[in-house]
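Engineer: Let me begin by handing over the structure; questions about it come next.
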């Protein structure tokens, strides 16, 4: 595979790694200096908004054909293809022996989540207005989704990418004939269409949102299929993997576009950014112990169903404890570290003591100094939300425990 497949540590970043990080940092500087987000939004948002308003009467007419069974069906379908569902499903893939599929789907989901939410917040286009549109939000997750901007539909985008990659994986590594290929493509197409129709039926999206989600999904899937083997080779045996990924994760937080009004989208990105880093770090450390191609698969004599159930019963409580403890520790440690280093911080949720007034924030900013503050002053914010770091750490710890700590416990318990 290229240099990315070279094993070993290495003292510094390779040329391509330095170039990639420099490109992202350059984009952050250019976007901030030339106000690129606002300029691009001024070009795209009015057109998308007009399309959403023009489609509203059609959505209202479409929703006249409604029934409780349809409400339940499309609500359940939305949950099944949502990010929280995949987040709960992926640990089971790791523990069932399908590590390559699990890590590829995790990284692809993080990639989709970042790009999809970045476009949402960059465009800041509205969802169909409710009323007159009837919006069905059966779960707390759907209520939070309704607080985000509309274009593109994340459900449509994620379904195209994840179902497309899953189909590719099955057809690549499993035995199949023409009938299986046609059946798989038909089922994937049907699922994408049902998800798209469901998002409109539930009043969560307009047609332009769904079409944009499918188009973005096809482009992202095509790109991922072209690079996924290189990405996997780098993760399992590349140089400076942890250093590079940690730097990239930090820069991507700064590269994320600022929306017209705050939404939960950045929080979702931060969580999955942390998950991706935790998976990459854990795999890099334990690939030859727990995640190599020779590990037993579920339903094999070495991993019968009863043993897999035991893994789940041990693993799920363990990763939840790790998430809770890492959150509690980072809520105490990160503010101390930031204050020590002179990085100005606030907290919107996790640390009540940092919920200061604007006047107090300004005084705090004036008192804090040092080299790191000068470095961080190159970026647009005056003070940084420490909740972002806390969220990143807790989800990175959770993901690390899935691929490192929990498999070590399985080995100790002979599971």
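Every residue, even glycine, has its Cβ placed from backbone N, Cα and C.
Just so you know, TrEMBL annotations are computer predictions that nobody has curated.
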Engineer: In TrEMBL, one of 332-353, 354-375, 376-397 is tagged transmembrane segment. Which stretch would that be?
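Structural biologist: Per TrEMBL, the stretch marked transmembrane segment is 332-353.
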Engineer: The transmembrane segment (303-325) vs the transmembrane segment (233-254): three or more C-beta pairs under 8 Å (separation of 6 or more)?
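Structural biologist: They do not touch: fewer than three Cβ pairs between the two stretches lie under 8 Å.
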Engineer: Which sequence positions outside the transmembrane segment (73-95), separated from its termini by at least 6 residues, show Cβ-Cβ distances below 8 Å to it?
Structural biologist: 101-103, 105-106, 109, 113, 136, 138-139, 141-142, 154-155, 158-159, 162, 191, 194-195, 197-199, 201-202, 204, 268, 272, 275, 291, 308, 311-312, 315-316, 319, 402-403, 406-407, 410
Engineer: Per DSSP, what is the residue tally for the domain 'Phosphatidic acid phosphatase type 2/haloperoxidase' (102-225) in helix, strand and coil?
Structural biologist: 91 helix, 0 strand, 33 coil
